[in-house]
Every structure is written in structure tokens, then in C-alpha cells.
Amino acid sequence: MKNAKMIGFGLYTPKNLVENERLQEFLETSDEWIRTRTGIERRYISLDENTSDLAVEASKKALSQARLSAEEIDLIIVATVTPDNFTPSTACIVQDKLGAKNAWAFDINAACTGFIYALKLGRSLIRSGEANNALIIGAETLSKALNWEDRGSCVLFGDGAGATVLTSTEEDCGIKCVNVKSDGSKGDSLVIQGLPLNSPFKDGREVSENYINMNGREIFKFATKVMEESIVEILEKENIKIEDIAAIIPHQANLRIIDYVVKRLGIPREKFITNLQNYGNTSGASIPIALCESIDEGNLKKGDNIIMVGFGGGLTWGAALIKL
């Protein structure tokens, strides 16, 4: 049976690097306060590049590594909560900028779990024969959704993009399994407000502040629970031992969350790939950025089994087992 194999990887960040110390210039915070509570030391903040721009640059690298032209791509999925516009979709903008004229393109919004959701869709479409070469992208410019006066949230996030090319294969490799779940009843724990209902037929006009609003305590409890459960579930479902897993790539939200899960599972800390100290929380881009960086640095190789695990607004969560 056909499967979807990863054959190209690319990441991209804006040029504007913001160390923790720069945040002290306008926030009541410090490098020590941020590092001890989150593990974050720096992040990239876009000055003039939108989500599609970051996605395009990451995609160019992935296509180059895959040795495919843009015209050979027949599917583009962008996972993002910070699109350029409501419409056209960021994926359609990426399609145009790349010259991928044979691809159909759309966005999905599953917040920080978005890349895992996108992998599930890409894999399913390739297995069904609806696509042959798919470009799967996680890209965010979260800086435009931040309240830069709220030190509890604005210090956490960064901008960036990661992309991978999936292709159809008969080989015993690729995306082995993807489990995703949702719980909309707890969606108010992490919100970026949309436009309010605001018509001339309604009494009074509403004003919306489209900032990230997060209940940190609730998200911590949720994240640690579902990350642990997702890892255990996918190991049991695929009948694979943790010793056979080369690496686990978690959503890069907070070092405390990752360390808590490591302790709960009793898995060696070195199996967990973390790079949030350099990028912050890039939402749907965090897992592909960590994946691509690990590939680039030679920390992952062909034949390795890896688990990606994420959680995010919605609430959403999920995990994927992949043989590179």
C-alpha cells in the first residue's frame, strides 16, 4: 500500500533576532525571569515579512532538498493561525509565489497542533491517490497577535516557518500513524479573537482586540496530560518500544511542560528534541522547525523512528509516528 514519505525539509525565520534583554526595554521583565519560567532565551520577530513570505522561503529549501520543482507539487497545505488575510488563503498565496501552478492549496487552523493535522491530511490524500507530491507547511507571524504590554504572553512567542515535502512511496518508511483529537468545550483556555459581529442592523458597535489570550495554568495541566497520553497511545497502537524511537519532537511551548512529561514517562531526556530557547513558541511552525533543524544538523538520519507530539488551541492535540 502507498505511503507518504518525507523527502525534503526547510525552515526559515525573519532576520530580526530579539534577545530577552531587548524586552526589558519596554516590559517589566528580565532575562532571568523569562528563562527560569519558560526556557526561552531569544526569538525572531518579523518586521516586514508576512506569514506567506516565511512559508515560501521554507518551502524553497524543502523543494531544493527534495529535488522537485514547484510545478511538480500537486498539493499545498499551510497550518497557521496567523494568515496574511482571511482570504485568499496563505496556501494560495504561497502557491502563486512559488509558481506551483499544478497544486491545489488550502489552510488549516489547529493552532499549535496544526502541522500534525496537516500531516494527517497530506498522508491521507497521498494514500488515496488524490495527490502525489505534497508541500506541508507550518508558518506563523504570531508577533502580530501579541499584546506587547502583557509580559505573561508576549515573551513566549516568535515568528517562523518549517516545511516538508511528502511524496508517494511503496517503501517501508514515511508517516506510519497519526492520531489527532479535539475538545472544543475548553476552547476558551486559549483564544485569539476574531472580528466581532458589527453591522448597521445591530445596536451598538463592538471593538475587538485580536490578541492571544491564554489561561496559562489550564494550558499547563492540559498540555502535560495530553502529551503523555498521546505518546503512550501511539507506542501502544503501533506496538513499538520507546527504545526503538530515535527522538521525540514535542511542540516547543515551554521547557517546564516538556520536563514534566519527561519525568512522568521516565523517558531519557536526551530523546526529546528542544530548541525553544532559540525560537520561542512558534505555534504551528514549532514542530517542523525543530524537525528541519535536527535534519540539517545531522541529529536525525534515514531510517530513524521519530514521534512528533503537539497540543494547542481548540483545544487540539495529537501525535505522529514517522520513519525517516
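Positions of Cβ are set from backbone N, Cα and C atoms, glycine also.
The active site annotation in Swiss-Prot covers Cys112, His251, Asn281, and the record cites sequence analysis as its basis. Positions annotated as region 'ACP-binding' by Swiss-Prot: 252-256.
Secondary structure from DSSP puts Cys112 (active site) in a helix. Predicted-model confidence for the region 'ACP-binding' (252-256) is 94, expressed as mean pLDDT. Here the active-site residues are His251, Asn281, and the one ringed by the most other CB atoms within 10 angstroms is His251. It is 7 Å from the Cα atom of His251 (active site) to that of Cys112 (active site). Under DSSP, His251 (active site) is assigned to coil, being neither helix nor strand in the three-state scheme. Taking CA atoms as the reference points, Asn281 (active site) and Cys112 (active site) are 9 Å apart. In the shown protein chains, 31 other C-beta atoms lie within 10 A of the C-beta of Cys112 (active site).
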